[in-house]
Amino acid sequence: MLQDFLNQILPSTVGGLVIGSIYALVALGYTMVYGVLRLINFAHSEIFMIGTFASLVLLTAIAPAAPATFGIAMVGTLLLCMVVSAVVSGGAAIVLETVAYRPLRKRGATKLAALISAIGASIFLQELFALEIIPWLTDKPGRNQASAPRFVPRDELFHIGNAAVRLDHVIVVVAAVVVMVALDQTVNKTRIGRGIRATAQDPEAAVLMGVSIDNIVRITFLLGGAMAGVAGALYLMEIENTVFNVGFVLGIKAFTAAVLGGIGNLRGALMGGIVLGLIENWGAIFLGSQWKDVIAFVVLVVVLMFRPTGILGESLQRARA
Amino acid sequence: MKGDEVTREETTPRRNPFSAIGHGFDLTRDWWEHAKVWQRYLVYIAAIVFALILPAPAIGSFMSPGADWTTVLVYPVGTYILLAIGLNVVVGQAGLLDLGFVAFFAIGGYNVAFFGTHYGWNYWVTVVLGIAMAAVSGVILGAPTLRLRGDYLAIVTLGFGEIVRITANNSDVIGGARGITNVPHPPPIFGEKFLLDPAPYYYLMIAAIAVVIIFSVRLQKSRVGRAWAAIREDEDAAELMGVPTFKFKLLAFAIGAMIGGLAGGTYAGKAVFIEPNTFPFILSATILAAVVLGGSGNLPGVIIGAFLIGWLPERFRDFAEYRILVFGGVLVLMMALRPEGLLPSRRRKAELREGTGGMGAMGAEVAGPGTEASTEVAK
């Protein structure tokens, strides 16, 4: 047992970092919306799913049989995928906000109503994709897995102990960190970011100071959606297939990551994602990979029991607690 | 109900396509509140007679031309109604959003299947055991999580539902992904054998639903029901008034779980075959849709909601693959247009309209035209 663990700990760590980076990117969307609206955007997982399909369509169009080699073309394709997915997902998030949440927000509806609306939107989007959009995009039954062509080679770059670190691993982690630093700077340094933080702290005072809440909420959804889009592009590059309900379990795990780091806290989301990815992969060494999801859910319950404010605390909303 | 009179004056219904239904229902309810005891008993008897003649082929040929009507009445319709009444205790009465309710259904079903096939225990013993196990797991789930904020609770319960399903999938003792086959049928009652004919199962289902309805109504009118209403409307105030909120929330969870377990046991007796994928998340969402559509907190509304959600996809089988899509859309539309459901309880309607009840208002809101600014944004 111990020998197994020692043999697998390093490869599992690499895998955990990679999937954890993707959790972290998706977690940002949950965290930002929660920070501003105090709402669990349950349909965020579908925004991620839309991001994977945006990349899938783009890849099948531009790289049908291109050999997977490292070069300008690969970097260009990767960037294009990330940008297109971010735009599509961000747009979808804005539509989602307008249709599912805005009417409720205007009326001052209860959180329960908003959460049910979010669940409805999530189910609706999944089924819409399964029944109509995926068959139309891929000419295959909508509930089947759709696989993407490989465009990033699986070259081993270097070894850490017995763990091979491949090019795609590095790309996922580096891209995720770069995007997250950009978001962090946006929220902390720009005028829009100040509006977001002000709204998170005290919406009424923010309105009195001339912040347009509607715009801020829309931008929050846009930014969160764009992060999920980037996550979708990276996920598709790494896993190479997607399905209409790909967001369901991943979404819950990303939410777990957000809670783990402290919901409302952007840096916490990064940390929470990585920690969750590592725990899940390490736990799978002992219990087997079919228990990964259970491990993640148990982590969620345990964190909420003992430290509901997360490891780093709930910073976007600290002033309101 | 008597206690609801307080809030009657405060709501001015908005004009929307559902208003007419609501108004007609209000009139019925006014009559019901002032009805004499014998009048009420007439209604009860009429309801029972209606339930007994419902499987008649004459009704079935219209209601379900494509499938056997009695079978449809047992599953999905009857099972959904049973589950919806159970979930209504948790969501409608205590105001706790439970997204993993199907877990208790699964626990009840697996108990009957496992102890029936492996140990040959009597069906009724296994049903009771299933109910007990569901209650215990409700307490085990609730004890650590019920102190959480409402929306966290929703995610944790969702996680619990998935844990139960994945665990069933990974545990070879209970058949793993292949599930359990040859689940025994219930033994005969009054010479009525439970075999392939769905009729006995239907009457069994009716009996279970009747018992659960009586139980649920009595609870709602009791001290427990009033405590739940207080918790739902304002938990802090309830605690200050001396309601032990945590205990009562735990009780709501356990009772909801018991009803879910009963539904699972009844279902397993008919189904013969049980596998983890009988209990997906979407079933939890479907039952939630039934409760919300009907009017959470109001038993007749919840039953009608569950009936519609069970029956409509069977009636319109050509569109059946679109049913989940439609559920999703309906949930969003209901929340935008009529958050209190088709036949709401008056008290619940007032809460949902005011935007201050339950778990507090969504933050970051600014008063729209015709609404007052919420004073508890920071809640």
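For all residues, glycine too, the Cβ spot is worked out from N, Cα and C.
The transmembrane segment feature in TrEMBL is assigned to A:20-40 (among others).
Annotation comment: TrEMBL describes A:47-66 (among others) as transmembrane segment. Below 8 angstroms of C-beta separation, residues 26, 29, 73, 77, 80-82, 84-89, 92-93, 96, 125-126, 129, 133-134, 137-138, 146, 148-149, 151, 224-225, 228-233, 235-237, 242, 244-247, 250-251, 254 of the same chain, each at least six residues beyond the ends of the transmembrane segment (A:47-66), sit close to that stretch.
Through the fold, the transmembrane segment (A:72-100) approaches residues 29, 41, 43-44, 46-48, 50-52, 54-55, 58-59, 62-63, 66, 117-118, 120-121, 125, 151-153, 171, 175, 179, 217-218, 221-230, 232-234, 236-237 of its own chain, all at least 6 residues removed from its boundaries and within a Cβ separation under 8 Å. Feature annotation from TrEMBL assigns transmembrane segment to A:72-100 (among others).
Annotation comment: TrEMBL describes A:112-137 (among others) as transmembrane segment. Distant neighbours of the transmembrane segment (A:112-137): 39-43, 45-46, 49-50, 53, 56-57, 96, 99-101, 104-105, 143, 146, 244-245, 247-248; these residues of the same chain sit at least 6 beyond its ends, with a Cβ under 8 Å from one of its Cβ atoms.
Residues 7, 10-11, 13-14, 17-18, 21-22, 24-25, 28, 70, 78, 82, 223, 227, 230-231, 234, 237-238, 266, 269-270 of the same chain lie 6+ residues outside the transmembrane segment (A:157-183) yet bring a C-beta within less than 8 angstroms of a C-beta in it. According to TrEMBL, the feature transmembrane segment maps to A:157-183 (among others).
Summarising the annotation, TrEMBL assigns transmembrane segment to A:216-237 (among others). Residues 21-22, 25-26, 28-30, 32-33, 36-37, 41, 44, 47-56, 59, 78, 81-82, 84-94, 96-98, 101-102, 105, 148, 151-152, 168, 171-172, 175-176, 179-180, 183, 186, 192, 195-196, 199, 206, 246, 250 of the same chain sit 6 or more residues outside the transmembrane segment (A:216-237) yet have a Cβ under 8 Å from a Cβ within it.
Here TrEMBL flags A:243-263 (among others) as transmembrane segment. Distant neighbours of the transmembrane segment (A:243-263): 20, 22-24, 26-31, 34-35, 40, 42, 44-49, 52, 126-127, 129-130, 134, 142-146, 235, 269-273, 275-276, 280, 293, 296-297, 299-300, 303-304, 308-315; these residues of the same chain sit at least 6 beyond its ends, with a Cβ under 8 Å from one of its Cβ atoms.
The transmembrane segment annotation in TrEMBL covers A:270-288 (among others).
The transmembrane segment feature in TrEMBL is assigned to A:294-313 (among others).
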Non-local residues, at least 6 beyond the ends, that sit with Cβ under 8 Å of the transmembrane segment (A:20-40): 47-48, 93, 101, 105, 111, 114-115, 118, 172-173, 176-177, 179-180, 183, 187, 196, 199-200, 216-217, 220-221, 223-225, 227-228, 230-231, 234-235, 238, 250-251, 253-255, 257-258, 261, 263-266, 268-278, 314, 316-317
